[in-house]
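Working notes, beginning with the structure itself.
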């Protein structure tokens, strides 16, 4: 079963129940989609004995995806500032959320660049795949969230139309 999840601006998104523990996320590294070389990458070309003070820890240098680790909740924050909403696809396939973004070659300050990435996240047990939502902030942060199936059942249903 495959469910497409629309990517919408965050101001258009409905308010959802707050996710407990959202301030203590897990981290995924290597989220720099073609942004050039870091000091640590350049420093590997010269011996560390010559200039050890030029090195910076990779965990400080790299932007991260944030994945809170609370059981029963699902939330991911991805930096996708180099992609437009039309270039980003979010869909639910089985018990996974798949994110794909791609743009064709375009000019930048260093010449030309094309970017593409795929990310796949497993939904925790008890999360309703149909409840997955995504929103894109003006700063280029993609937020993907889902609530537990039990939380969906406890929400009041909208009044019936007459």
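Heads up, the Cβ atoms here are built off N, Cα and C, so glycines get one too.
The structure displayed is predicted, hence computed values, not measured ones.
Residues 84, 157 are shown; Swiss-Prot lists phosphoserine for one of them, 157.
Here the candidates are 66, 145, and Swiss-Prot annotates 66 as deamidated glutamine. As annotated in Swiss-Prot, phosphoserine applies, among 10, 16, 150, to 16. Averaged over the domain 'sHSP' (56-162), the predicted model reaches a pLDDT of 80.
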